[in-house]
């Protein structure tokens, strides 16, 4: 937990005010929570920035690939860096890998989202009858 707090403190003030940023953890929420959240952010802001540290990097890449393979997103930018942190157990400074992936809506994003919503509604109607 200390690592996350320190990482947040090390961020630029402008980074903290990004309304379309999702900081992904591979322990807190299931994968499709982040996939669905990213879809919602793209609907609201036309793009989403996925960010992760260390072991959660694989989760961010998976989320981005799911969105791209479903025709919902295109890559706009990928940035990698290292972040200085303090090791919780030993108290010494360590470096963690960081990735940020910016995804934008595809041209047919709204169509695909509308089609998925119709499918859900049709499935719900079938369950009710």
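The backbone N, Cα and C atoms fix where each Cβ goes, and this holds for glycine too.
Copied over from TrEMBL:
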type	residues	note
DOMAIN	20-81	domain 'DNA/RNA-binding protein Alba-like'
Quiz item: How does the domain 'DNA/RNA-binding protein Alba-like' (20-81) divide up by DSSP, counting helix, then strand, then coil residues?
Solution: 31 helix, 19 strand, 12 coil
Self-check item: Local confidence of the prediction over the domain 'DNA/RNA-binding protein Alba-like' (20-81), expressed as mean pLDDT
Solution: 95
